[in-house]
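Engineer: Residues or ranges marked as active site, proton donor by TrEMBL: 35. The ATP binding site feature in TrEMBL is assigned to 28-35, 145-148, 174, 182-185. The (R)-pantoate binding site annotation in TrEMBL covers 59, 151. What TrEMBL records for 59 is beta-alanine binding site.
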Ligand code: PAF
């Protein structure tokens with residue numbers, strides 16, 4: 001696996017391989033199975049895979065976890081090599097944002113609301129760095145996890161609106177054995193928070209069950225998700241039942257949103273007659289966790 005520390009090296013590699021399909025996997029490091037599944041998907045779809053590791057300062061607001069964002073470079077490189085990655089680009093902040101840098105991408109409409117309500121400049125930073133990475137390592141494909149669903153919508157819309165010559169591929173969420181969506185931030189959770197973090201996937205599973213059982217009212221389904229998150233639920237724990245306690249309202253942990261939206265525009269819906277997505281965000285202390293599930297239209 002080749003390592004590139006300068007944009008020139010990365011561009012040279014991409015240029016030398018321009019006749020091959022190449023999959024780009026942008027990451028901020030602290031890699032887990034979710035990231036490695038993107039590399040494996042890239043290797044299935046493309047001849048070569050190049051990952052990037054860059055903790056992008058412009059997508060963190062003042063007071064967010066930029067300083068304490070986990071840095072696990074040795075383990076990341078070992079995991080990437082193991083997953084079959086061919087090259088890794090490791091730029092510095094000065095290379096991406098040299099002195100005088102002042103041009104940002106105005107994110108598309110789909111960036112409005114949801115994550116932007118509590119992180120207003122987040123998608124501006126994501127769109128800007130992703131566009132820069134697409135230019136620095138020009139590839140035929142780019143792979144992103146569906147766990148950050150609004151981010152995936154933003155990158156798809158940006159690529160479409162700006163005619164970027166790269167195919168954006170969304171990849172399935174990879175989950176822990178109890179259903180928690182894998183995230184670099186899960187490591188911040190204490191044991192109580194880790195227990196309650198299961199509620200995100202459980203709330204989506206309950207909505208799924210309710211839809212199967214014929215509940216097609218959007219408000220009722222949203223209420224069911226919120227109710228599961230706040231009241232907790234009973235789960236099967238190896239044959240016995242166990243209670244997962246709810247996320248207390250008004251505590252340090254809180255539910256941010258639990259909504260059903262149009263799967264492409266992320267606008268509210270009244271019926272389930274188009275592809276739709278259940279989006280959930282909750283805070284566990286200073287850690288923000290996201291989960292989602294996409295459904296096809298219900299007739
Ligand atoms: O999802 C991430 O890890 C980041 O937001 C990304 C896409 C690598 C941009 O910094």
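Cβ coordinates come from backbone N, Cα and C, glycine included.
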Engineer: How many whole Å apart are the CA atoms of residue 31 (ATP binding site) and residue 151 ((R)-pantoate binding site)?
Structural biologist: 18
Engineer: Using Cα coordinates, what distance in whole Å links residue 35 (active site, proton donor) and residue 151 ((R)-pantoate binding site)?
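Structural biologist: One finds 15 Å between the Cα atoms of these residues.
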Engineer: To the nearest Å, how far is the Cα of residue 184 (ATP binding site) from the Cα of residue 151 ((R)-pantoate binding site)?
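Structural biologist: Here the two Cα atoms lie 16 Å apart.
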Engineer: Measure from the CA atom of residue 151 ((R)-pantoate binding site) to the CA atom of residue 28 (ATP binding site) and give the result in Å, rounded to a whole number.
Structural biologist: 14
Engineer: List, in sequence order, the same-chain residues at least six positions removed whose CB sits under 8 Å from that of residue 59 ((R)-pantoate binding site)?
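Structural biologist: In sequence order, 121, 122, 123, 124, 125, 126, 129 meet the Cβ cut-off.
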Engineer: Please go through the recorded positions 28, 34, 35, 146, 174, 184 one by one and keep those whose C-beta falls under 6 A from any atom of ligand 1; give the result in sequence order.
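Structural biologist: By the Cβ criterion, which requires under 6 Å to ligand 1, the hits are 28.
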Engineer: Starting from the Cβ of residue 35 (active site, proton donor), draw a 10 Å sphere and report how many other Cβ atoms land inside it.
Structural biologist: 26
Engineer: Return the count of C-beta atoms lying within 10 angstroms of the C-beta of residue 184 (ATP binding site), excluding that atom itself.
Structural biologist: 18
Engineer: Cα-Cα, whole number of Å: residue 174 (ATP binding site) versus residue 151 ((R)-pantoate binding site)?
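Structural biologist: That separation, Cα to Cα, works out to 16 Å.
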Engineer: Pick from 146, 151: which of these binding-site residues has the biggest number of other Cβ atoms within 10 Å of its Cβ?
Structural biologist: 151
Engineer: Using CB atoms and a 10 A radius, I'd like the single residue among the binding-site residues 28, 31 with the highest neighbour count.
Structural biologist: 31
